[in-house]
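For reference, the structure discussed in these notes is given below.
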Ligand SMILES: Nc1ncnc2c1ncn2[C@@H]1O[C@H](COP(=O)(O)OP(=O)(O)O)[C@@H](O)[C@H]1O
Ligand SMILES: [Mg+2]
């Protein structure tokens with residue numbers, strides 16, 4: 001460890017070398033541009049000592065302020081390479097060409113951004129009407145980030161960092177005032193394609209491996225001009241660049257005690273997904289939270305490296321260590337939606353010192369800034385309360401920094417505009433068919449354990465054998481038994497697919513939201529792939545059930561009848577599945593959707609014609625929309641014909657006179673098929689429409 005010390009008396013810079021000896025360094029020109037504040041006698045330079053050779057550091061110090069920014073950046077880049085080399089030997093390979101430069105540099109400007117929400121006052125039992133008030137989450141935030149810069153938004157929790165970041169990513173709906181521009185243009189679908197957004201929580205499929213996750217993202221997000229092999233190569237380059245080689249074949253995990261990669265690796269996979277598209281603007285919400293400082297360091301180094309390639313990088317960060325702090329080109333300090341500082345990271349301590357606030361003891365600058373943003377003054381003699389103190393800082397910002405900043409933001413730069421305008425990409429990077437096939441493959445990979453779940457298969461086999469034994473070789477003379485079996489078919493295969501399907505979209509919501517809001521694929525391709533992917537298993541189980549029970553129970557032993565019964569069963573499965581999908585997509589909450597689903601399905605079953613035959617007319621309409629009733633009719637149609645008789649006691653009776661069959665009727669088979677077909681389409685259309693709202697700005 002090398003410790004640099006500033007000698008208070010004669011302003012000498014002391015360095016403790018690797019052997020622990022204290023050496024005097026009589027060069028300190030550069031010092032004041034990086035030291036936290038004049039009153040701090042020393043500060044920890046561990047970061048520098050770890051990442052740059054001692055000689056280079058001395059040269060750097062000697063050059064002092066004569067080093068211009070570019071040169072300093074070059075040196076810092078050298079440091080980064082060194083850190084990476086030290087922290088992981090995987091980094092030895094040269095990074096892929098995609099990381100070199102952004103093809104469309106973006107200057108992000110935000111001017112007086114105000115975000116207001118309406119908060120309703122909750123009354124006891126009854127919601128009080130008209131008692132709502134406006135709450136300002138962001139209160140006029142201004143700033144500018146140029147290509148090549150890394151902006152860190154600091155502030156205590158609840159200060160509005162995520163809200164501002166979401167607004168900058170074009171994902172915040174509602175009452176957003178002020179302007180946010182990208183090369184002086186508003187947010188557009190083109191910009192969406194060049195924006196990478198990493199949310200605070202990693203939304204990844206737990207059963208896919210790191211490689212699979214990144215390859216599927218590459219296949220979906222990279223332009224169609226690249227071949228699949230090139231896309232895979234890009235994904236592999238990202239894996240190398242992010243130091244994920246060691247865990248590339250490990251599953252992501254994280255759900256239901258599923259062991260997978262570590263938190264830091266998961267975060268890097270999320271960043272990798274955004275890096276794949278070579279974003280011009282990269283936004284990250286707390287990418288280092290919950291990680292140890294070395295991992296956090298590696299992540300910020302990667303971001304720094306990305307910014308160096310001409311990208312605009314904005315991140316929120318909760319509590320950066322001091323070594324991370326010095327990597328930020330710009331810093332925005334927020335407190336309760338107010339800006340307390342916006343400017344160069346190297347200037348922040350000087351600014352607060354100039355307005356009379358400096359730390360009394362040596363401390364991490366970010367701790368000091370967070371104290372300020374929380375209203376905690378280092379000046380113990382101050383008699384201001386926390387709120388008044390925060391107001392004072394916000395006012396100081398408005399008086400000292402705001403005007404210059406606004407002038408800078410309002411300056412129009414025509415030159416950059418031309419770059420973005422000149423290359424207009426298409427709305428979607430891949431074709432509809434490509435999207436469907438990739439999503440289908442990904443879905444099958446992610447849910448392969450569900451498809452061939454031995455538990456599900458044994459459940460169905462057990463139920464079918466049990467019912468086969470109970471109805472063993474039942475005869476037409478026991479019409480009551482047969483009609484009971486057929487009704488059991490409709491009931492079991494009404495509920496089962498419904499509850500399978502109800503969970504589909506609520507479970508996928510986060511993923512759909514993330515991928516749709518980054519414009520990854522069309523909703524239609526997702527919808528088709530998702531419903532197609534589930535189909536084989538959805539149909540295999542009822543088929544298995546039907547094969548076992550039909551022949552065991554001795555239903556009509558004709559191939560045509562069997563196929564007709566199977567057709568009716570599968571048809572009803574598809575309709576119930578559609579109803580489940582629609583309910584799930586409408587409600588988007590598993591518990592409520594399940595409750596609603598069971599009530600609806602139960603009413604369909606009760607109205608199915610088996611339990612009650614004398615239904616009052618005011619509610620008899622329910623049978624027309626009942627999936628069970630139509631399926632039941634079709635199943636009857638597969639077994640019995642009009643005019644057919646059976647032995648009832650000593651007499652011969654007409655099948656259609658049997659109460660359950662009489663109420664459902666053997667005629668109108670085609671009408672039931674049409675009704676089910678309408679429901680099949682209708683429920684899916686409803687599900688599709690309900691899904692359209694996912695991934696839209698909130
Ligand atoms: N849609 C919303 N409804 C109610 N309050 C909200 C909403 N969005 C944000 N807030 C509030 O705004 C404040 C800032 O939130 P956020 O941007 O998430 O803060 P940070 O990311 O800095 O922790 C919080 O107090 C939060 O409760
Ligand atoms: Mg947040």
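Cβ atoms are placed via backbone N, Cα and C, with glycine included.
Heads up, TrEMBL stuff is auto-annotated, nobody curated it.
The feature transmembrane segment, as given by TrEMBL for the ranges 451-472, 627-648, sits at 451-472.
Below 8 A, the CB atoms of the transmembrane segment (670-691) and the transmembrane segment (527-551) form 3+ pairs separated by six or more positions in the chain.
Per-residue pLDDT, averaged across the domain 'ABC transporter' (108-361), gives 89. Among the recorded stretches 527-551, 563-586, 593-612, the one sharing the largest number of Cβ pairs closer than 8 Å with the transmembrane segment (451-472) is 527-551.
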